[in-house]
Amino acid sequence: MKKHINIKFGELFLKGKNKKEFIKALFKNVNKALSDFEFKLLDKHSMFTLEYCSEDENEIIHILKMIPGIHHFFLCLEAKTDIKEIAKVANGFDKKYKTFKIEVKRRYKEFLDQTEIKKEVATYILKNNEIKVDVHNPELTINIEIYDENKSYVWFDKILGVGGLPIGVNGRCLSLLSGGIDSPVASFLLQKRGQQVDYLTFITDDVTEITLNKLKSLIKQITLNYKIYKPRFFIVDFTKVQHELIHMSNEKYRITLMRRSFYRIAQQLAIKYKMNSLICGDSLGQVASQTIESINTISQVCDKMEIFRPLLTFDKVEIIEIAKQIGTYEISISEHEDVCSMFAPKHPITKPKLSIALALENELELLKSLEDRAVANVQIIKE
């Protein structure tokens, strides 16, 4: 008895004329993501069917749950198109269930009709189990698909994927990766909307190899071990810019000016290396630099592209839950040096004014040239 997984697309069917291109991209991504296994992936228009070795099942399920574009999938058992064979396979459900119903789909019409199939299979199951039929609110739904004259499929449980769009259909963007909990989740959510995500981090002399390795581990986790695409990791030495920022006359604006500098540098890199937007992990009101006034003052420096903030309305509990689901949480909470926390004043401004931020930047004669030099000297790691 062979094992299959039927993969459903969800949102891709809303794409009209572009639907074929989106499905083609997802087909390619699934093949790449599973390249370490022996499998056969078939495009059956309304779904993909994956034939696989049973010993790889747990790992394959874990990967499929993380591939953007997959709405849900079923673990299917294959049976001959014979009603006795189908009934025996359908009887292989977990015996913990007390009620059930049967759903039937017939691609191959030259067989019993739906009512006859349901009656025969239900009779067999009721005879061999202590279970009742409940067509309105069953604990278990047994799905049967009569595929052709030779084979049929039976499945029991629907496994949810992450949904969204296939990676790569919406271009590339640049994520400002700090190593905390939020920015990896924000990166994953933009990846889920079809973006290939490249990563940018800022370091100073205090940042160690341990921190850089932590960031690389986060990127590897988000991108499914680099199977679907190879992200670029941009590392900017921020030391000299940070030393210049220390000379401002109002230290309460230190984080505001530092983040404005981050975004100026990020925008330059995104333009130079052909990315279409920036990503950050801001959550409205979470810290001083994420009040609406701070966000407005900081964002003003990005006049050539959008800054996406997918976590803007999420609270910390929600963000942590997603981080755990995608496997970044345990990596994020390990110790690391963070440029922002090391540079933060005791009492940062929570409602900065743009006019004051601009005036403070005008005090720093070397700021622009140091930012330009940081861009020119960026280190790029390609996995």
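Every residue gets a Cβ built from N, Cα and C, even glycine.
In the record from Swiss-Prot, residues Leu176, Leu177, Thr201, Phe202, Gly281, Gln290 bind ATP; the candidate from Arg254, Arg259, Arg260 listed for the same site is Arg259.
Under the DSSP three-state reduction, Gly281 (ATP binding site) is assigned to coil, being neither helix nor strand. Each residue in the domain 'THUMP' (58-158) has a pLDDT score, and their mean in this model is 95. Around the Cβ of Arg259 (ATP binding site), 22 further Cβ atoms fall within 10 Å across all displayed protein chains. Cβ neighbour count for Gly281 (ATP binding site): 25 (other Cβ atoms within 10 Å of its Cβ, all protein chains included). Considering only the residues assigned to ATP binding, Leu176, Leu177, Thr201, Phe202, Arg259, Gly281, Gln290, the longest pairwise Cα distance works out to 19 Å.
Ranking the binding-site residues Thr201, Gln290 by other CB atoms within 10 A of the CB puts Gln290 at the bottom.
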